[in-house]
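Structure record follows, encoded as structure tokens.
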């Protein structure tokens, strides 16, 4: 998760440029980042990390970024939003409720305990590759146990070491519904070797998506191949470096003409601040308003806690990759960000700080989102 303040961005204002034009003397240790539509600048990797370090300060809607170095010299343009027709109410409780009944807090605990044992899940470290491999193997086991025909898992490779994981459940149409979470973590003091359990950021979102996937595959409707739309479950590499993995995926989907009708992001799903009401935070900036309304419907139908609107700034997480490539996206987080987890990006982002009941509520929302849209005709 990335929430940097405007003050940090202004510290690098002297190097800002109007567009992606490589200045004289810029070499391979500089990276082109996008701070907003059409607003770019060249920074070092250390500067990228420094921009992120302020996530632990009191939250205010700040300036995230997308690393678009690989887009330099291309004709990238923001695509028109893929049109979609979302239901005004939840219509498939008969499909979704059995999925919810199968959700297991014990599974969430077990899977998260595995993820936090990696020294870190940094996208350029050996253990970052090992953690991605664990996710891939676990998804493969779940598919094999389900017996669902056509379900598959793939590695989406990048120019950096860590790969993303994509699981697909085919539907009758090519219209695609996606839920995603980044599985990388970072210790900002020592990204490559530092301890970064990343329990909340974003082991919590990763295991929520994994548990949702497990129970969607157990659905009788899914096993009978009755889904109207294709479902994908994503675990992204390199979010902490500037949405690297997710942006690579959605750029390819745009180039391939994919019909992604909805994308739900799960980043930070486990922290609740004592003394504050338990709630979801629905991010309203750089997301799709119509899909956000559908998300409210899902929360009201299938979860037991309230949802409030919040903002997180440009490119704060992977939903922004879908959004900038023309795909409708939403982001439901653990809080409104004023009460965000104070331990993010440190060695202290550990399981002891998390609430698995809250994570279970996120899992209910994910299976509600995926189950309802799986069965929606003319999406």
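Using the three backbone atoms N, Cα and C, a Cβ is placed for every residue, glycine included.
From the candidate list 111, 201, 285, the residue Swiss-Prot records in the Zn(2+) 1 site shared with 182, 267 is 201. Same-site candidate for Zn(2+) 2 binding, as annotated by Swiss-Prot with 201, 240, chosen from 319, 323, 345: 345.
Taking residue 267 (Zn(2+) 1 binding site) as the reference point, none of the recorded positions 226, 240, 312, 345 has a C-alpha atom within 10 Å of its C-alpha. Geometry remark: residue 182 (Zn(2+) 1 binding site) versus residue 202 (N-linked glycosylation site), CA distance 6 Å. Take the CB of residue 345 (Zn(2+) 2 binding site) and look out to 10 A: across all protein chains shown you find 25 other CB atoms. Note on residue 267 (Zn(2+) 1 binding site): other Cβ atoms within 10 Å of its Cβ, all shown chains, come to 27.
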